[in-house]
Amino acid sequence: MSIQTFDDTRHLTGENGEFLGNSFAHSKTFSMATPFLTTSTTLSLSLSTHLHRLSSSLSSTCFPFKPNLHRVPRNPSLLASYGNPHLLFNHEDHHSTYKSLLTTRVLGPKSNFLQMGPSETSCSREILVKSSASDSSNTVISTLSQKVFGVLHLVVSLGIVLAMDKFLKQAFVAAAIKFPSALFGMFCIFSVLVILDTTIPAAATSLMNFFEPALMFIQRWLPLFYVPALVVLPLSVRDIPAASGLKICFIIAGGWLASLCVAGFTAIAIRKIVKTEMVDAEPMAKPSSFAPIEFWTWGGIFLASFVSAIFYPTALGTTARTCLPFLLASTVLGYMVGSGLPSAVRKVLHPIICCALSADLAAVAFGYISQSGVDAVLGDYLTKVSSNPGAGDILMGFLGSVILSFAFSMFKQRKLVKRHAAEIFISIILSSLFSLYSTALVGRLVGLEPSLTVSILPRCITVALALSIVSLFEGANSSLTAAAVVVTGLIGANFVQATLDKLRFRDPIARGIATASSAHGLGTAALSANEPEALPFCAIAYGLTGIFGSLFCSVPVIRQSLLAIIG
């Protein structure tokens, strides 16, 4: 057998000239004993072929390049191995060195590729770890950016709604218009959305999506905005005699139930007459529940501001501003606690009741500890002075934006509104007339003083419009009007769902119209918290009841007929 070498690559040939494989040496030709050479050559070929296959597999799996596995740097020490008895050992050392160089070049100095263990390689583990870490980092950054964008979106959209409400108020005051600006704005927004939906549907959809965060915020906290009038109710009814108070409560409670029945049954009857088939309402999203962090945050605000107000009553300039944080926190906490009660309990004790009781208890506690009296604290809760606002003034400042938001809810159910326009308008008109005339008649039957009867005539109409209605009558008590409206809403908020279930009003149209026509805003807030699909019809009835009530009382003939019944 002979060995021929070219450069660094040695070609092994047999006695008949056949090609046996490659090895490495200097460029020279020499001969060896056959036994040693045969054994060495066989092992060398086996190792070389095995390493070549492994390296090819590795390079195709982990790396885009293919290293040259048949070239290594020249090693002079290898020359001495040839021609001595230790050729086999030295040849194996050569391949060991070759394997070490290959491992270092391809896998790196700390590779565990050839160790026993799992089938996955070290490089694949490293790539997977880096990929997972990168994906996790990108997810965190994406989530954080989405939250920041969501907060900014909410602030901008809600700010626009509040600014719109303020602008309309100022414009109506400057024009000496007594009609509620928010109701006008609600119908204007609804009209704009309908026009856009007819001409440019994409624009209407984009507008709805833009204001969606503000709408969900308002819907989530809706009952809070109607609570201040209920919190200060003790101040409104103090001067009313007990006997007259009982008669008023009887008229309000009985009138609420009668108005609810009239509105609901009328809507169903008109639907049967016009033979309009009832279809499902568009699904409405429900606001998210309250998280524990929200509860503890408001609890911390309450404790810190309560203690601070006791020791420093005018720390923020006035007592109203100083009491504002803990009175606002007590109102919010009461609503959260009430919302977390079991459903069976909420049917009897609505979250609005818990909300008002929580604020009143905080006022009583602060009045007792500070020795200022509960009346003074309640006076600071709702000052009705823009330069010195209290907690109630802050909450009631959202009422205009609440009414504006109803336009978007109505637009979502525009198909149903159009489909059931007959029962909606007819039932609201009849319910408004029934409420006015039944109150006047029952007041005379129970012997209530005429001035008090006139004051509670608009009991089913929202406060803003109710006050403008009683201003058309002489001798009316506006404080009693506000109290009557609040008590009506309180009764409706607490018992409306159970009553609707007993009367078997199933569809959202009848439930929404009956609720808002009999209990205005507070009833609307209570029902929509659990039945958002009824909110659009509550909004329609809420606005139209006030509008038709104002129009009816503005007609001299109707106004004189009401006074004649009252006596």
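Glycine residues also receive a Cβ, built from the backbone N, Cα and C atoms like all the rest.
Whatever TrEMBL says is automated annotation, not expert-curated.
Quick look at what TrEMBL lists:
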TRANSMEM  170-196  transmembrane segment
TRANSMEM  217-237  transmembrane segment
TRANSMEM  243-270  transmembrane segment
TRANSMEM  291-312  transmembrane segment
TRANSMEM  348-370  transmembrane segment
TRANSMEM  390-411  transmembrane segment
TRANSMEM  423-446  transmembrane segment
TRANSMEM  452-473  transmembrane segment
TRANSMEM  480-500  transmembrane segment
TRANSMEM  534-558  transmembrane segment
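Contact counts against the transmembrane segment (390-411), taken as Cβ pairs under 8 Å, peak for 217-237 among the stretches 217-237, 423-446, 480-500, 534-558. Contact between the transmembrane segment (348-370) and the transmembrane segment (217-237) is present: at least three CB pairs lie under 8 Å, with pairs separated by 6 or more positions in sequence. Counting Cβ pairs under 8 Å that are 6 or more residues apart, the transmembrane segment (480-500) and the transmembrane segment (217-237) reach 3 or more and are in contact.
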